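Over in TrEMBL, the protein carries these features:
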ACT_SITE  325  active site, nucleophile
BINDING   185, 186, 187, 188, 189, 190, 191, 217, 244, 272  S-adenosyl-L-methionine binding site
COMPBIAS  1-18  compositional bias 'Basic residues'
COMPBIAS  464-474  compositional bias 'Basic and acidic residues'
COMPBIAS  709-719  compositional bias 'Basic and acidic residues'
DOMAIN    62-434  domain 'SAM-dependent MTase RsmB/NOP-type'
REGION    1-31  region 'Disordered'
REGION    450-478  region 'Disordered'
REGION    699-719  region 'Disordered'
């Protein structure tokens with residue numbers, strides 16, 4: 001073994017077992033995949049005991065539904081200008097192709113194919129349910145166009161594939177563009193994306209929403225999944241943090257009027273807490289094999305601590321949504337009755353069913369029983385629980401006495417069961433705060449002292465020649481390359497522009513940026529003077545970062561707005577970034593804009609070779625004239641349609657013009673323009689067949705060569 005290299009303990013254990021003569025595990029890789037048996041005696045016994053269904057007939061429907069596969073659902077990103085145009089394409093072209101493909105897949109006449117269902121409770125008819133599973137779409141050749149559509153439009157940020165019931169919590173949170181929103185357990189990010197959409201719901205009223213979304217998760221790796229999901233929407237009003245939600249720190253904010261600091265209180269908080277997940281059995285059938293009550297008992301305390309911390313950070317008059325993808329009252333009603341009782345009138349459960357009209361659900365339970373892990377002993381009160389189980393089953397998990405329970409209002413909760421609307425299972429409750437909590441902690445002075453404290457300078461290490469060693473400990477932010485740590489990666493710094501930034505002056509002059517853009521909201525992620533990427537965040541986000549970067553680990557914020565792009569012909573070193581154009585477009589003057597016609601835009605988008613952009617001579621005369629007036633460098637291409645207006649980053653070359661968008665956004669725009677997409681349509685099944693045929697031909701050719709060599713050798717031996 002190499003010096004200093006750590007031994008792999010798992011490999012060492014394997015070698016030791018082999019040396020001791022332990023029998024080898026059978027290799028099951030060659031065996032056919034066995035379908036998971038969708039049955040669990042403890043699960044069925046426990047939920048039958050809880051009477052989550054009113055009748056035996058309904059219970060039978062529930063079991064049949066939860067054992068079935070989950071249909072696919074998606075929603076259209078509602079705040080984008082072209083959303084209505086895309087929705088029209090989906091209803092006509094996509095669903096026509098869907099009916100044809102499903103008819104071919106199931107060998108049915110087209111008239112017998114069940115049409116996609118518009119979810120009645122989702123606003124503006126923007127969400128649809130397809131009567132196909134994820135597996136059907138992914139593995140069926142007739143559906144390859146539908147699969148391509150879902151992948152491309154999801155990556156472009158135009159649609160989101162999301163389970164239907166998962167869309168409910170953000171809807172009942174009722175986010176407005178002015179709200180300060182906290183998503184406490186945000187990863188993987190589908191609900192966060194919905195919150196961002198709600199924040200940007202009034203683009204005609206707000207260029208940049210005055211509110212923001214702070215998305216947090218305890219898992220460092222899942223935080224990067226969250227960033228990937230939310231980045232599709234390119235919002236400057238998002239901040240992603242990595243912290244334990246149950247101990248989330250108080251954050252500082254600056255009062256604009258008085259310039260004084262205060263503790264930030266949120267207007268809306270989403271607590272989609274970790275849970276046992278038995279509501280997702282249709283999507284995750286492996287839960288059938290491992291479900292037991294111990295999971296709910298273990299999670300009850302964590303769930304309570306998260307919602308309690310959320311209630312503390314909620315502003316008076318604010319709204320908190322508590323949700324789980326579990327059907328278990330121990331994780332749902334038991335947690336809520338505990339926090340409402342502890343709040344002593346400061347928190348109130350409210351009915352939010354008017355925000356999801358058409359949603360079928362059951363009211364929250366007011367009576368339930370507890371049991372052992374195997375559900376072989378049932379307990380109606382804590383007095384019946386054996387002493388050895390007292391550390392697992394706690395008094396707060398049992399329903400309150402009837403007189404106290406009537407004041408809690410658990411009937412206002414929403415229990416969504418799979419058989420009611422062919423969905424997954426879910427639990428949602430809406431809480432409003434009437435006054436400050438008795439146990440609320442407002443440690444303003446401690447926070448101010450922590451913010452004002454200067455970071456301690458590390459001791460400088462010297463090498464053998466006496467020169468300082470610039471290792472991770474002696475450089476303030478460590479090396480630029482991220483190094484894996486025990487608690488994730490050390491993030492690069494957030495360096496905001498100062499008042500006299502030289503780069504900003506040149507950017508402002510070249511793009512004619514107006515005065516409403518706050519240059520102090522521009523930032524980079526490196527401390528070198530030569531900036532590579534420049535990001536933009538909203539004023540409230542900047543305030544959060546500046547006041548709290550020592551108090552909490554910030555994973556990501558800002559949307560890429562300018563990118564260094566130097567070549568010998570351009571007079572300015574920064575080009576516009578398509579990701580940030582949604583934000584920066586409102587601040588850029590008229591000098592770097594070109595209005596193009598449909599045919600010109602299609603020509604530009606169909607150019608897939610960046611080394612051979614279309615010549616301006618191929619454009620319409622109006623476009624050619626505007627190009628002559630424009631110097632070399634980045635520009636904005638504007639296209640106006642009856643239904644929508646598009647803004648795209650372009651590049652004016654010395655004699656050419658090109659569109660600066662990635663492949664998925666290119667396909668999205670061409671689809672909106674009604675252009676031919678066959679050039680970009682990929683049939684992975686045809687490609688696989690071609691690859692197999694090529695491999696077979698290569699093998700045959702190799703066989704022929706081998707035979708010829710043998711014949712030559714034989715003839716030479718005879719001679």
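Each residue's number is its place along the chain shown, starting with 1.
Every residue, even glycine, has its Cβ placed from backbone N, Cα and C.
Heads up, TrEMBL stuff is auto-annotated, nobody curated it.
Feature map: annotations from TrEMBL on the structure.
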residue	record	CB count, 10 Å
185	S-adenosyl-L-methionine binding site	23
187	S-adenosyl-L-methionine binding site	25
189	S-adenosyl-L-methionine binding site	27
191	S-adenosyl-L-methionine binding site	27
244	S-adenosyl-L-methionine binding site	14
325	active site, nucleophile	25
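Here the C-alpha separation of residue 185 (S-adenosyl-L-methionine binding site) and the residue listed as 'active site, nucleophile' works out to 13 Å.
The two recorded residues, residue 187 (S-adenosyl-L-methionine binding site) and the residue listed as 'active site, nucleophile', have Cα atoms 14 Å apart.
Separating the Cα atoms of residue 189 (S-adenosyl-L-methionine binding site) and residue 325 (active site, nucleophile) is a whole-number distance of 15 Å. Taking only the Cα positions, the spacing between residue 244 (S-adenosyl-L-methionine binding site) and the residue listed as 'active site, nucleophile' is 20 angstrom.
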